[in-house]
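Structure record follows, encoded as structure tokens.
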Amino acid sequence: MPTVIDQPVHITDASFEADVLQSAAPVIVDFWAPWCVHCRVIAPILAKLAQRYAGEIVVAKINTDEDVQYASRLGVRGLPTMVVFQHGQEVDRWIGAMSEAAFEQRVQRLLGR
């Protein structure tokens, strides 16, 4: 992946280790599916966060209809679920749709602000 990413990156089970677990920046992984209404609602919010915090965080999206391995391994039961990784370890988990302000607050906390 490029060093500075200013939009959500679409990943797969095959790329998960390189794109998420080996990332130098914290990664917010959005487990989503095309049929999930709430996933579509938060998509523009996640895109804004990716742009606003480019170079500080990475927003990654994995379609659970196509790639089920990591969703299953991580126990993702409902969509949308955002699993936050830092240094290859899960550090937080956000389940369900939230307001932009709620996402912003969680990203600020992730970055220690």
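The backbone N, Cα and C atoms fix where each Cβ goes, glycine too.
Model, not experiment: these values are computed from the prediction.
Listed in TrEMBL:
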type     : residues    : note
DOMAIN   : 1-112       : domain 'Thioredoxin'
SITE     : ASP30       : site 'Deprotonates C-terminal active site Cys'
ACT_SITE : CYS36       : active site, nucleophile
DISULFID : CYS36-CYS39 : disulfide bond
SITE     : VAL37       : site 'Contributes to redox potential value'
SITE     : HIS38       : site 'Contributes to redox potential value'
ACT_SITE : CYS39       : active site, nucleophile
The domain 'Thioredoxin' (1-112) [mean pLDDT, rounded to integer]: 96
Taking the Cβ of CYS39 (disulfide bond) as centre, how many other Cβ atoms lie within 10 Å? 21
Which residue among the recorded positions CYS36, VAL37 has the fewest other Cβ atoms within 10 Å of its Cβ, if you could check? VAL37
For ASP30 (site 'Deprotonates C-terminal active site Cys'), the nonlocal same-chain Cβ neighbours (under 8 Å, six or more residues apart) come out as PRO8, CYS39, ILE42, LEU46, VAL59, ALA60, LYS61, ILE62, PRO80, THR81, MET82
What is the Cβ neighbour count of HIS38 (site 'Contributes to redox potential value') at a 10 Å cut-off, with all protein chains included? 14
For the domain 'Thioredoxin' (1-112), DSSP counts of helix, strand and coil? 38 helix, 29 strand, 45 coil
